[in-house]
(Lines of atoms letter the chains of each structure in order from A; the text may use other names.)
(Lines give C-alpha, C1' and ligand atoms only; values in the text may rest on other atoms or scores of the structure.)
Protein backbone atom coordinates (compact mmCIF):
# COMPACT_ATOMS: atom_id res chain seq x y z
CA UNK A 1 0.00 0.00 0.00
CA UNK A 2 2.25 2.75 -1.27
CA UNK A 3 1.36 6.03 -2.93
CA UNK A 4 3.47 8.80 -4.39
CA UNK A 5 3.33 11.88 -2.17
CA UNK A 6 3.13 15.55 -3.00
CA UNK A 7 2.12 14.97 -6.61
CA UNK A 8 -0.65 16.85 -8.41
CA UNK A 9 -2.40 14.29 -10.59
CA UNK A 10 -5.28 13.93 -13.03
CA UNK A 11 -7.81 12.82 -10.40
CA UNK A 12 -6.91 15.69 -8.10
CA UNK A 13 -7.08 18.25 -10.92
CA UNK A 14 -10.45 16.89 -12.04
CA UNK A 15 -11.74 17.09 -8.46
CA UNK A 16 -10.65 20.72 -8.16
CA UNK A 17 -12.29 21.47 -11.51
CA UNK A 18 -15.58 19.85 -10.40
CA UNK A 19 -15.57 21.84 -7.15
CA UNK A 20 -14.95 25.04 -9.11
CA UNK A 21 -17.91 24.18 -11.39
CA UNK A 22 -20.19 23.90 -8.35
CA UNK A 23 -18.66 27.08 -6.88
CA UNK A 24 -17.11 27.33 -3.43
CA UNK A 25 -19.94 29.64 -2.36
CA UNK A 26 -22.41 26.78 -3.02
CA UNK A 27 -20.60 24.23 -0.87
CA UNK A 28 -21.68 24.25 2.81
CA UNK A 29 -18.87 24.79 5.36
CA UNK A 30 -18.57 21.29 6.86
CA UNK A 31 -18.66 19.68 3.43
CA UNK A 32 -16.00 22.10 2.22
CA UNK A 33 -13.91 21.36 5.32
CA UNK A 34 -14.13 17.60 4.74
CA UNK A 35 -13.12 18.06 1.10
CA UNK A 36 -10.21 20.31 2.07
CA UNK A 37 -9.00 17.93 4.79
CA UNK A 38 -9.06 14.93 2.47
CA UNK A 39 -7.27 16.80 -0.33
CA UNK A 40 -4.68 18.19 2.09
CA UNK A 41 -3.98 14.76 3.58
CA UNK A 42 -3.69 13.29 0.10
CA UNK A 43 -1.08 15.85 -0.92
CA UNK A 44 0.67 15.84 2.50
CA UNK A 45 -0.26 12.62 4.35
CA UNK A 46 0.28 12.46 8.10
CA UNK A 47 1.65 8.93 7.77
CA UNK A 48 2.29 6.48 4.94
CA UNK A 49 -0.78 4.42 3.97
CA UNK A 50 0.69 1.33 5.62
CA UNK A 51 0.65 3.22 8.93
CA UNK A 52 -2.73 4.93 8.44
CA UNK A 53 -4.87 2.01 7.28
CA UNK A 54 -7.19 0.16 9.67
CA UNK A 55 -7.08 -3.58 10.24
CA UNK A 56 -7.89 -6.02 13.02
CA UNK A 57 -4.20 -6.67 13.52
CA UNK A 58 -3.11 -3.03 13.69
CA UNK A 59 -6.20 -1.43 15.19
CA UNK A 60 -7.33 -4.06 17.67
CA UNK A 61 -4.43 -6.35 18.54
CA UNK A 62 -1.71 -3.69 18.42
CA UNK A 63 -4.13 -1.09 19.81
CA UNK A 64 -3.11 1.56 17.29
CA UNK A 65 -6.40 3.43 17.74
CA UNK A 66 -5.22 6.54 15.87
CA UNK A 67 -5.83 4.53 12.71
CA UNK A 68 -9.56 4.92 13.35
CA UNK A 69 -9.06 8.64 12.76
CA UNK A 70 -6.47 8.42 10.00
CA UNK A 71 -7.87 5.68 7.75
CA UNK A 72 -11.02 7.48 6.53
CA UNK A 73 -9.12 10.60 5.45
CA UNK A 74 -6.28 8.87 3.58
CA UNK A 75 -6.74 7.57 0.04
CA UNK A 76 -4.86 4.96 -1.98
CA UNK A 77 -4.53 7.08 -5.14
CA UNK A 78 -5.86 10.17 -6.88
CA UNK A 79 -8.84 8.38 -8.44
CA UNK A 80 -9.84 6.91 -5.07
CA UNK A 81 -9.77 10.47 -3.70
CA UNK A 82 -11.63 11.85 -6.73
CA UNK A 83 -14.54 9.39 -6.61
CA UNK A 84 -14.92 9.66 -2.86
CA UNK A 85 -14.79 13.44 -2.77
CA UNK A 86 -17.18 13.93 -5.69
CA UNK A 87 -19.60 11.69 -3.83
CA UNK A 88 -18.97 13.69 -0.65
CA UNK A 89 -19.58 16.94 -2.51
CA UNK A 90 -23.06 15.92 -3.67
CA UNK A 91 -24.09 14.13 -0.49
CA UNK A 92 -22.74 16.97 1.63
CA UNK A 93 -24.61 19.63 -0.32
CA UNK A 94 -27.88 17.73 0.09
CA UNK A 95 -27.50 16.56 3.68
CA UNK A 96 -25.77 19.54 5.27
CA UNK A 97 -28.60 21.81 4.16
CA UNK A 98 -31.10 19.36 5.64
CA UNK A 99 -29.29 18.61 8.91
CA UNK A 100 -27.55 21.98 9.40
CA UNK A 101 -23.78 22.27 9.71
CA UNK A 102 -23.21 21.42 13.40
CA UNK A 103 -25.30 18.26 13.29
CA UNK A 104 -23.84 17.24 9.92
CA UNK A 105 -20.31 17.72 11.28
CA UNK A 106 -21.20 15.53 14.25
CA UNK A 107 -22.61 12.85 11.93
CA UNK A 108 -19.44 12.90 9.79
CA UNK A 109 -17.22 12.57 12.88
CA UNK A 110 -19.23 9.69 14.33
CA UNK A 111 -19.51 7.86 11.00
CA UNK A 112 -15.78 8.30 10.38
CA UNK A 113 -14.88 6.44 13.58
CA UNK A 114 -17.73 3.92 13.50
CA UNK A 115 -16.91 2.80 9.97
CA UNK A 116 -13.44 1.70 11.13
CA UNK A 117 -14.92 -0.11 14.12
CA UNK A 118 -17.50 -1.88 11.94
CA UNK A 119 -14.79 -2.77 9.41
CA UNK A 120 -12.68 -4.39 12.14
CA UNK A 121 -15.70 -6.26 13.51
CA UNK A 122 -16.60 -7.62 10.07
CA UNK A 123 -13.01 -8.67 9.38
CA UNK A 124 -12.79 -10.29 12.82
CA UNK A 125 -16.01 -12.19 12.11
CA UNK A 126 -14.56 -13.41 8.80
CA UNK A 127 -11.44 -14.63 10.64
CA UNK A 128 -13.62 -16.65 13.02
CA UNK A 129 -16.28 -17.85 10.56
CA UNK A 130 -13.88 -18.88 7.80
CA UNK A 131 -11.03 -19.86 10.10
CA UNK A 132 -8.77 -17.70 7.95
CA UNK A 133 -6.39 -15.41 9.88
CA UNK A 134 -5.48 -13.48 6.71
CA UNK A 135 -8.61 -11.36 7.17
CA UNK A 136 -7.14 -9.75 10.28
CA UNK A 137 -4.32 -8.39 8.11
CA UNK A 138 -6.59 -6.69 5.50
CA UNK A 139 -5.93 -2.98 5.82
CA UNK A 140 -8.32 -0.31 4.51
CA UNK A 141 -8.21 3.43 3.86
CA UNK A 142 -10.66 5.88 2.36
CA UNK A 143 -13.92 7.67 2.93
CA UNK A 144 -16.12 5.11 1.15
CA UNK A 145 -17.68 3.67 4.30
CA UNK A 146 -18.68 7.13 5.52
CA UNK A 147 -20.15 7.90 2.10
CA UNK A 148 -22.15 4.68 2.15
CA UNK A 149 -23.56 5.63 5.57
CA UNK A 150 -24.37 9.14 4.27
CA UNK A 151 -26.15 7.63 1.27
CA UNK A 152 -28.33 5.52 3.57
CA UNK A 153 -29.06 8.64 5.65
CA UNK A 154 -29.86 10.64 2.51
CA UNK A 155 -32.25 7.92 1.36
CA UNK A 156 -33.97 8.09 4.75
CA UNK A 157 -34.50 11.84 4.42
CA UNK A 158 -35.47 11.69 0.75
CA UNK A 159 -37.65 8.58 0.31
CA UNK A 160 -39.23 7.59 -2.97
CA UNK A 161 -36.47 8.93 -5.20
CA UNK A 162 -34.96 7.04 -8.11
CA UNK A 163 -31.22 6.86 -8.75
CA UNK A 164 -29.29 5.94 -11.86
CA UNK A 165 -26.64 3.29 -11.20
CA UNK A 166 -24.58 2.36 -14.24
CA UNK A 167 -27.46 3.59 -16.41
CA UNK A 168 -30.13 1.56 -14.59
CA UNK A 169 -32.99 3.35 -12.85
CA UNK A 170 -33.25 1.92 -9.32
CA UNK A 171 -35.24 3.06 -6.28
CA UNK A 172 -32.81 5.07 -4.13
CA UNK A 173 -33.40 2.89 -1.08
CA UNK A 174 -31.77 0.01 -3.02
CA UNK A 175 -29.29 2.06 -5.04
CA UNK A 176 -26.70 2.25 -2.29
CA UNK A 177 -26.60 -1.56 -2.12
CA UNK A 178 -26.37 -1.89 -5.92
CA UNK A 179 -23.59 0.71 -5.94
CA UNK A 180 -21.74 -1.22 -3.24
CA UNK A 181 -21.82 -4.41 -5.33
CA UNK A 182 -20.91 -2.50 -8.51
CA UNK A 183 -17.95 -0.81 -6.81
CA UNK A 184 -16.76 -4.18 -5.54
CA UNK A 185 -16.69 -5.56 -9.09
CA UNK A 186 -15.29 -2.40 -10.70
CA UNK A 187 -12.61 -1.78 -8.08
CA UNK A 188 -12.26 -4.79 -5.76
CA UNK A 189 -9.48 -3.27 -3.65
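Cβ from N, Cα, C; glycine included.
Per TrEMBL, the features are:
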- 1-24: signal peptide (SIGNAL)
- 63-171: domain 'Peptidase S54 rhomboid' (DOMAIN)
- 103-122: transmembrane segment (TRANSMEM)
- 134-153: transmembrane segment (TRANSMEM)
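Mean pLDDT for the domain 'Peptidase S54 rhomboid' (63-171) in this predicted model: 90. Counting residues per DSSP class in helix, strand and coil order gives 79 helix, 9 strand, 21 coil for the domain 'Peptidase S54 rhomboid' (63-171).
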